[in-house]
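*Asks:* Here you go, one structure.
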Amino acid sequence: MSAENYLIVGRKGTGVHDRLEIEDLQTTQPEQFTLFILAFLALQDRGIPVDSPGLAIPPAAHFTEIAGIHGLPFKEWIGDLAKDQSNFSAKDPKDTQPVPSRFGGYCNHGSVVFPTWHRPYVMAVEQAIGNIAVELAKRITASITDKPDEVDAWKKAAQALRFPFWDWAAKKVADDGVPPVLTDDKVNIKFPGGITKEVENPLAFFPFKTIPDGFEDEVLDVKAYFSKWKRTFRYAKSTPHATSSGTADLNAKIKKKAESIRRHVGKLFTFDDDGKPPLVWDEFSNHTTQSLRTMDFYNCGSLEGIHDSMHDFIGGNGHMSDPDYAGFDPIFFLHHCNVDRLLALWEYVYPDYFMGSGYTHSGRTYPFTQSRGTYSLVYNAKLTDDSPLPPFRTEDSKYWTSTGTRFLDGKYYSYPEVAGVKVGRDIDNDARILARKRLQEYYGVFDDMPSRAPPGTKIHDIELPIFNSPEVVVPDHHKAVDNYRNFVVVVQTNEFAFNGPYTIDVYYDPVAKSHGRGQSENHVYIGTVAVFARPDHSDCKGCSMRRDAGSTVRGVIAIPLNIVDQVVESNGINRSNGNLDEVTTALKSHLHGFVVDRFGKKIGGAVGDPVKEEDALSNAIAPDLTLVSSAAAFSKGANGAETLKWFDWNNHGRVFDGGHRAWKRL
């Protein structure tokens with residue numbers, strides 16, 4: 001093993017400090033923000049208005065090296081020049097001819113180690129920036145040694161600096177969109193003596209000195225010129241000479257999706273607290289859910305699922321939307337820092353759920369796997385909580401493991417308190433249940449329940465006694481939520497069906513499908529399941545084989561109660577004496593679905609009666625959407641702690657009749 005390995009130790013020796021939300025860092029910590037911007041510019045090998053000759057940055061810590069860990073250029077990271085790596089080669093038939101081909105990046109997607117692998121990844125860039133910040137603080141204050149208090153403030157700022165996150169599930173996102181600090185090409189920073197300087201913004205884009213090996217253009221109706229663009233883009237114009245990102249388009253997309261993003265995050269904190277640890281972790285951690293089961297899903301969504309959606313929403317036709325290129329957009333790391341924050345909150349309120357050594361089904365134990373492999377993992381590599389997470393090595397030069405990444409102990413960072421919940425604070429079980437309730441409330445889970453929604457809101461005034469059936473057996477020691485039922489669309493779709501990233505979008509249309517073909521102008525967006533898949537550039541035969549061999553992405557879309565209420569009203573269903581079948585039949589008649597590629601083009605739609613075979617998406621690639629529903633109940637604990645439980649799950653069948661012929665090619 002080479003002595004040059006770059007060990008991921010975080011900001012050891014600087015204490016434990018919070019990672020701050022990027023706008024909070026900018027407005028409340030001017031010294032930290034200045035150091036962060038300058039250090040990130042230096043990491044990206046861009047000019048800074050500080051004397052920087054001799055600034056020591058380890059080769060493995062340069063931004064191009066760290067960014068390239070995730071996907072392209074599919075090369076060994078120089079921070080882990082190991083002799084025990086598996087033998088991936090982008091030119092070897094064993095890795096390129098099988099379909100889907102082996103993934104040449106190190107990152108783990110579609111597996112139980114998705115959250116744990118990305119934790120040391122963010123620590124790597126945090127460590128690199130923090131180390132640079134310490135040196136920059138010395139240089140910035142070299143001319144003010146006669147002001148020891150100010151020198152000390154900059155020194156402390158460098159010690160406390162942690163990588164920031166962007167909270168894309170915050171309530172304000174629906175109105176504000178993406179913070180300007182993440183999109184403006186220039187940003188102001190403050191120096192000693194009250195001096196303000198404008199510098200290039202390292203969060204808005206990354207300029208390539210040379211295009212990395214393997215970057216290829218995507219030449220569909222809307223094009224992405226990855227081999228020609230000299231910088232990263234989001235929603236760029238379809239020209240090899242693009243000069244700027246389409247920030248207006250980005251903000252429009254984020255604002256449109258904001259409510260569904262928030263609903264998805266809220267659902268993550270509604271898993272039962274008496275589940276089987278490997279099964280719950282499997283469903284929460286990733287979008288494939290490998291465990292062999294059909295009916296005992298919690299239908300609460302996955303962390304990787306919302307992560308996938310944000311990649312699509314942020315990137316458009318740009319780098320963030322494709323796993324091969326995503327790591328080169330600086331916003332990638334603020335996005336993943338927020339994913340890590342959600343993981344930290346989740347494992348804090350669900351401390352017993354983890355992957356272990358696998359799951360048991362019908363008396364037999366099965367291991368979790370990484371089916372497609374990675375640069376360092378062969379096909380179907382077995383994954384346990386002690387499996388190594390290359391290329392990240394700990395202080396003792398051993399690989400990080402999922403067990404080692406678990407919780408924030410010994411990682412020298414934490415997160416700010418949210419809704420009264422502070423990760424790492426010692427709490428008993430009742431306090432943990434209360435913390436979970438507070439997160440459910442903060443992320444809007446209760447906003448959809450009439451008895452718990454704020455007075456004066458439309459949801460609060462909804463009356464649906466049709467859902468208060470005395471025949472439904474409520475779990476012991478629980479009280480059912482009146483006038484409420486939880487409706488969820490479960491999406492299952494072939495990961496590699498459309499040769500790259502795509503989404504399944506679901507809409508509500510006030511005009512039922514039986515009243516006419518097509519979609520009315522008054523349709524309402526409900527939610528998305530995104531597929532963050534890499535394209536395999538191959539001929540049609542290869543595409544067909546890939547589709548047949550592809551793994552299935554599973555995601556959920558929650559239907560807001562106000563839409564269910566509108567369906568009941570518009571279809572004349574008796575609110576007291578109707579039945580659940582009437583509601584679900586009517587609800588399905590008002591739902592439309594679309595397959596949308598990464599460029600925003602609709603390539604398939606389910607908006608009416610089944611179509612002719614020649615006009616339909618093939619059976620191999622057509623998504624499968626199922627409507628399920630449950631009741632909800634709470635049990636009371638000590639000091640206001642309440643446990644939310646979904647129960648009385650019903651499967652209401654496919655949303656769209658006709659199988660694959662429900663989906664018309666567009």
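For all residues, glycine too, the Cβ spot is worked out from N, Cα and C.
These came from TrEMBL, pasted as-is:
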- 109-126: domain 'Tyrosinase copper-binding' (DOMAIN)
- 329-340: domain 'Tyrosinase copper-binding' (DOMAIN)
*Asks:* Per DSSP, what is the helix/strand/coil residue tally across the domain 'Tyrosinase copper-binding' (109-126)?
*Replies:* 13 helix, 0 strand, 5 coil
*Asks:* Quick one: DSSP breakdown of the domain 'Tyrosinase copper-binding' (329-340) into helix, strand and coil?
*Replies:* 10 helix, 0 strand, 2 coil
*Asks:* Would you report the average pLDDT that the model assigns to the domain 'Tyrosinase copper-binding' (329-340)?
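*Replies:* Its mean pLDDT is 99.
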